[in-house]
Amino acid sequence: MSAARLSAVAQSTVYAFSARPLAGGEPVSLGSLRGKVLLIENVASLUGTTTRDYTEMNDLQKRLGPRGLVVLGFPCNQFGHQENGKNEEILNSLKYVRPGGGFEPNFTLFEKCEVNGEKAHPLFTFLRNALPAPSDDPTALMTDPKYIIWSPVCRNDISWNFEKFLVGPDGVPVRRYSRRFRTIDIEPDIEALLSKQPSNP
């Protein structure tokens, strides 16, 4: 493949991006996940849906991970300051507070990042441009302007915690879901993508 073609592919897929795991260490290149179906969510420890969404993310990773699903969580404090702890505090918050009861995520969590505005992680800028609005709620917007703490504000901004992006095994974003769309209800779309995977990803 020519260098120009490789560059074009990189710009149209998530494979050009990387992020540092919450546990530390070297950044993980999403290019290492070629052939996998990715479910990417911006998460928060103190949201009203934290327990529901985290447990459903764990459930999908446990059941569909062996078939090629990879769930990725990106903690973000831009929505109601609901991820206001330090990176090293997040896992304890999940374990002892919400969801609590010894909960441990079985999917990869990355370091805190911003998903909107000038300092947004490049992956989320790419995802928002590729899928400008949630498919289940195309008019989704931040409902209370006092919560907008980033600049510039764009029409394709993520509106709250736990928006979801589904990425196909070719690295191309397929569908965006609003915070109101339950994580577990994405399963049929994940199944459809898993059935299209190459036999040896």
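Each Cβ is built from the backbone N, Cα and C atoms, and glycine gets one as well.
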Phosphoserine according to Swiss-Prot, picked from Ser93, Ser135, Ser195: Ser195
Feature phosphoserine, as given in Swiss-Prot - residue among Ser7, Ser12, Ser32, Ser45: Ser32
Among Lys86, Lys112, Lys119, Lys146, the most crowded of the modified residues [Cβ within 10 Å]: Lys112
Spatial separation of Lys112 (N6-succinyllysine) from Unk47 (active site) - C-alpha basis, Å: 15
Shortest C-alpha distance to Lys146 (N6-succinyllysine) - which of the modified residues Ser32, Lys86, Lys112, Lys119, Ser195: Lys119
Spatial neighbours of Lys112 (N6-succinyllysine) among the modified residues Ser32, Lys86, Lys119, Ser195 [C-alpha, 10 Å]: Lys86
Helix, strand or coil at Ser32 (phosphoserine) [DSSP, three-state]: helix
